[in-house]
Structure formats: C-alpha cells, structure tokens
Amino acid sequence: HSFVYEKLFSLWNTILYVCLIWTLTVVATVPNFFVGSLEYDPRIYSCTFVQTVSSSYTITVVVIHFILPITVVTFCYLRIWILVIQVRRKVKSEFKPRMKQSDFRNFLTMFVVFVIFAFCWAPLNFIGLAVSINPTEVAPKIPEWLFVVSYF
C-alpha cells in the first residue's frame with residue numbers, strides 16, 4: 001500500500017487536492033451572494049445562510065450538501081458492512097486467516113465519524129427543509145433554542 005499512497009499523495013497531487021477543495025468551497029459559496037442568503041444572525045452571532053430567503057434554493061442546498069452525500073456514504077457503508085459480514089461467515093466456516101483486527105477497527109472508527117457527522121448536521125438541515133416548505137408559517141414556530149443548538 002505504501003506505493004499507492006506515495007502516488008496518490010505526492011507533492012503535486014496534494015497541491016491539486018488542496019486547490020480542488022478551495023475551488024469546490026468557492027463554487028458552493030458563490031451562489032449565496034446571488035441569492036442574497038448570507039446575513040448576520042444575532043441569535044448565533046455570526047454571518048450565516050438564511051433559510052427563509054428562497055425555498056427552492058434552501059431545498060437545493062440541503063439536498064446537494066447533506067442528503068445526497070449522506071445517501072451515498074450510507075450506501076457505501078452498507079456495502080462494506082455486508083462484505084464484512086460475508087467475510088466473517090466465510091472465515092468461520094473455512095478456518096482461514098480472519099480479517100485483520102486493525103482493518104476492522106479503522107473501518108469502525110470511520111463509520112463512527114460518519115455517524116457523528118450526520119448526527120451533528122442533521123438538525124440544521126432538517127430545520128432548513130421544514131422552513132423551506134412554508135417560510136412565513138414554519139420559521140416563527142421553530143423555537144429559538146433549537147435553532148441555536150442546531151448550529152453548535
């Protein structure tokens with residue numbers, strides 16, 4: 001694996017990865033300026049994405065930045081879990097060397113990070129979806145404490 005790692009994370013590739021991340025960040029942020037959805041919110045003492053500016057834009061942001069990635073990663077983890085279960089069953093029946101404990105521990109750690117990510121970002125995104133349904137009616141009904149907690 002060290003040869004693959006050295007090829008994937010060479011100096012040139014690492015510079016490209018950093019540039020790609022910054023480009024994607026700019027591409028994700030620029031539409032906010034055209035929609036006018038960035039405003040100072042005194043509840044969280046920060047400039048943030050205002051979910052009541054445009055329902056269709058809020059839905060698009062939530063789908064592209066939360067629901068789609070969560071769906072793809074969930075699908076991938078389900079496939080990995082199925083593979084792990086199949087390998088464990090096969091190993092037990094054939095008495096072959098089992099899966100490395102460190103590989104399984106690494107997989108489990110990444111899975112926990114994903115679950116924590118989803119758990120932390122879900123409230124804000126679900127509030128955004130709820131607000132986008134009917135901003136004038138739903139937004140005032142969301143308790144301020146819930147909105148503030150969803151940011152932290």
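Cβ atoms here come from the backbone N, Cα and C positions, even for glycine.
Proximity of distant same-chain residues to the topological domain 'Cytoplasmic' (1-12), defined by a Cβ-Cβ separation under 8 Å and at least 6 residues beyond the stretch ends, is recorded for none. Look at Swiss-Prot and you will find 1-12 (among others) tagged as topological domain 'Cytoplasmic', backed by sequence analysis.
Looking just at the topological domain 'Extracellular' (34-57), the mean pLDDT is 82. Per Swiss-Prot, the feature topological domain 'Extracellular' maps to 34-57 (among others); the stated evidence is sequence analysis.
Sequence annotations record features per position, and here Swiss-Prot assigns topological domain 'Cytoplasmic' to 79-110 (among others).
Annotation source Swiss-Prot lists topological domain 'Extracellular' at 132-144 (among others), citing sequence analysis. Outside the topological domain 'Extracellular' (132-144), and at least 6 residues removed from its termini, the chain residues within Cβ reach (under 8 Å) are 43, 51-52, 55-56, 58-59, 62.
Under 8 Å from some Cβ of the transmembrane segment (13-33) lie the Cβ atoms of residues 7, 49, 57, 65, all in the same chain and six or more residues away from its ends. Among the features that Swiss-Prot reports, transmembrane segment is placed at 13-33 (among others), with the record citing sequence analysis.
Sequence annotations record features per position, and here Swiss-Prot assigns transmembrane segment to 58-78 (among others) based on sequence analysis.
According to Swiss-Prot, the feature transmembrane segment maps to 111-131 (among others).
Taking Cβ pairs closer than 8 Å, the transmembrane segment (145-152) reaches residues 43-44, 46, 48, 123-124, 127 in its own chain, all 6 or more past its ends. Annotation comment: Swiss-Prot describes 145-152 (among others) as transmembrane segment, evidence class sequence analysis.
Same-chain residues lying 6 or more positions outside the topological domain 'Extracellular' (34-57) and placing a CB less than 8 Å from one of its CB atoms are 127-128, 131-133, 135-136, 139, 144, 147-148, 151-152.
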